[in-house]
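Asks: What follows is a structure written as structure tokens; I'll ask about it next.
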Amino acid sequence: MKPAKSSPVQIARRGLMLVISSPSGAGKSTIARTLLETDKHIGLSVSVTTRPRRPSEVEGVHYHFKSVREFERLRDSDALLEWAEVHGNFYGTPREPVEQAMAEGRDMLFDIDWQGAQQLQEKMSADVVSIFVLPPTMTELQSRLHRRAEDSEEVIQTRLANSRAEIAHWREYDYVIVNDDLNTAFDAVQSIVKAERLRRDRRHGMFDFVRELLEETPSL
């Protein structure tokens, strides 16, 4: 007769704020989408933006699309954890769902730029794990933007012009990944998430677990 299989040990921990940034076309959105599809413990922090909705985007799934006036109302009432102006449009992170997720031990994914990442680091540094995704070459970055076929040529050129300034902030991130192969880059992100979830300072339930472990007296 086989011994009964014990249940997995569950140790309470605080949620993780996983920030993934990159210049447009480097692959952060694809990596983020794949991570959400394969890891049920991660939820997406849906940003608000004044940017026009692309044909492939769904309200409330990819972004909450707002007018400039609506966005300013949220910003001025301190309802946003961070906000930034990118390519002439405003982006921001709603405060309430993030703070609730952290307290409940749920991980949140942030697909935001360096300005937003910087603000999150300043406000909630203990919870933030930041990853910057680089393209293998600028030529490949340009090719990816054209293959995406969702922006006008003028917008693509603006994104390319801004990409060098964005890449200059790579040193501000905890981890940096070169996305020359999507599967390899995704595997690296998964490894980072697994390791960060095991950090001692994030697992507040470990104190009770160790105390009970030391108090346990095995029966003979």
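Cβ from N, Cα, C; glycine included.
Heads up, here are the entries from Swiss-Prot:
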DOMAIN    15-194  domain 'Guanylate kinase-like'
BINDING   Ser22, Pro23, Ser24, Gly25, Ala26, Gly27, Lys28, Ser29  ATP binding site
Asks: Among the binding-site residues listed here, Ser22, Ser24, Ser29, whose Cβ has the fewest other Cβ atoms inside 10 Å?
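Replies: Among the binding-site residues Ser22, Ser24, Ser29, the sparsest Cβ neighbourhood within 10 Å belongs to Ser29.
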Asks: Average pLDDT across the domain 'Guanylate kinase-like' (15-194)?
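Replies: On average, pLDDT over the domain 'Guanylate kinase-like' (15-194) sits at 92.
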Asks: List the residues in the vicinity of the ATP site, defined as same-chain residues other than Ser22, Pro23, Ser24, Gly25, Ala26, Gly27, Lys28, Ser29 with C-beta within 8 angstroms of the site's C-beta centre.
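Replies: Other same-chain residues near the ATP site: Val133, Pro135, Leu141, Arg144, Asn179.
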Asks: Which ones in the same chain are close to Ala26 (ATP binding site), with CB under 8 Å and 6+ residues apart in sequence?
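Replies: Ala26 (ATP binding site) has long-range Cβ partners Val133, Leu134, Pro135, Leu141, Arg144, Asn179.
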Asks: Within the chain of Pro23 (ATP binding site), which residues six or more apart in sequence place their C-beta under 8 angstroms from its C-beta?
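Replies: Those within reach of Pro23 (ATP binding site), by Cβ under 8 Å and sequence separation of 6 or more, are Pro135, Leu141, Arg159, Asn162, Ser163, Glu166, Ile167.
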